[in-house]
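Per TrEMBL, the feature ATP binding site maps to Arg80, Pro81, Ala82, Ser83, Gly84, Leu85, Gly86, Ser87, Ser88, Ala89, Ala90. The domain 'GHMP kinase N-terminal' annotation in TrEMBL covers 60-139. The domain 'GHMP kinase C-terminal' annotation in TrEMBL covers 198-270.
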Amino acid sequence: MRTARAPATSANLGSGFDVFGIALSRPADVVRVERADRTTIEVTGAGSQFIPEDPEKNTVGAVAEALDAPAHIQIDKGIRPASGLGSSAASAAAAAVALNDLYDRGKSRKELVPIAAKGEAVVSGDAHDDNVAPAILGGFTIATPDGVTQIDTDISIVVTLPEIVVSTRDARKVVPTETTVEKLVETVGNAATLTAGMYRDDPALVGRGMEDDVVTPARAKLIDGYDAVRDAALAAGATGVTISGAGPAVLAVTRSRDQRSVANAMLDTFDARGIDARAYQTRIGNGTRLY
Ligand code: HSE
């Protein structure tokens, strides 16, 4: 028997669509695996009623198959599905790390990233490494088809999760298929600024580098209150605000001292619009931990 805890993650960070990701110190999923002749899955916790236990339809089923590691897999969800916080990626990452150890498969953490991404493809229809990479490796990750670059960093984050459901499939349908050279130049500049900010543990640079005028404005329309919540967070001291992954979670980068006031400002703004939401005052943190 093995147990692994994999963190929530936030993909994109505005300017790094389908490339950037960060691990959050909380919330997290916990996965327990036990050797068995065939794979069976049991899901409890946040939003578990919406998650299929059929191994053909659950992210961890594909991971067990890829590692040739049949097991009874218990998933305790701390991360609600369809939140924009890498819920399915966390389960896939925890299962990959736990099964690799249980069956002595000898894969490195980096080798487990594409294996966990196979699980992601089961739910989103596409294999993205931008959530599974930080879920496994921790810190800030740059995931490209050529591989993953990881940077340890320490930045305060506030994530607010409204009681709205946005499916990744729907959020991908609104992504523009073309852009201008001006916006390309702006995006490259912002992505580079953000990366420098991660190296320097500098929330001002990271926040500025999250600016994105291509994907985020199109997706913001799917999140009731997004513009008002962003403005409230910035007024309360956030250095940058964007959509977390495909949404509906909204992510703010802050200095540590402003974390609480940013969280309150975002929650109050959702509340004023009659939308229930919860806030996580968190940090960029570690990847999957094996017990
Ligand atoms: N980069 C992906 C998206 C993350 O924003 O659609 C969700 O899988």
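Every residue, even glycine, has its Cβ placed from backbone N, Cα and C.
On a predicted model such as this, the values are computed, not experimentally measured, just so you know.
Shown here: features listed in TrEMBL, placed on the structure.
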residue: Arg80; record: ATP binding site; Cβ within 10 Å: 21
residue: Ala82; record: ATP binding site; Cβ within 10 Å: 22
residue: Gly84; record: ATP binding site; Cβ within 10 Å: 28
residue: Gly86; record: ATP binding site; Cβ within 10 Å: 33
residue: Ser88; record: ATP binding site; Cβ within 10 Å: 27
residue: Ala90; record: ATP binding site; Cβ within 10 Å: 35
